[in-house]
Every structure is written in structure tokens, then in C-alpha cells.
């Protein structure tokens, strides 16, 4: 028998188990339960998981983004670390951020990793 066909048959059988169709099983005993099917024990049981705390990320304003895009700088990659713990592509990009209203000053050459 072709090995791909055998694998397909196994996958179909396992899918039938996952979908809760025991009449298509060729072995006894559950592999795992499916709580979404109403004819199974435990159907309709729900669990509640608390949401993780919200992060304090901020979204730059359209005005700030427009200012950054109009600010002249090169595409040279020479990363610098700003006082806001952000990495900037180069010193000119950090200067642009400061001119556009970001409260940031130069901290060091290279990325902020390890600070």
C-alpha cells in the first residue's frame, strides 16, 4: 500500500476522533475530548482565563509621523540608543525624533540592548 495513502487514512481517522464521531473509530478509548460537541460529556463546560494586563504602548500621532517623514536624513544604518530606550537607525533619525517633539536625547552609539 502507498505510504501517502496510509498517512492519509490515519489523518482521516484522527480527524474523525477530534470531531467526535466514535462510529468511525477503529480502536477503543478516547484520544482527547471535544467540549464543543453537545452529545459528549462535558459539553457546554466553559473555563475563564483572566486577560493579561494591558501594556502601556503608545501610538505616535499622525502629526508626529508626518514630521518624521518630512525630516531629512540618510538611510545609513549606524544605530544609536536614545534616552527613551529606543533604537534609532542613525543619529540623524534620533535628531528628527527630537525636532518632531519626542522627548529624547542621545545616550550612546549602538543599540539599547543591555540597558
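Numbers run from 1 along the shown chain.
Any Cβ shown, glycine's included, is placed from N, Cα and C.
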> When TrEMBL marks a stretch as region 'Disordered', which of 38-60, 61-83 is it?
Replying inline: 38-60
>> Looking at the domain 'Kazal-like' (61-114) alone, can you tell me the average pLDDT?
In response: 94
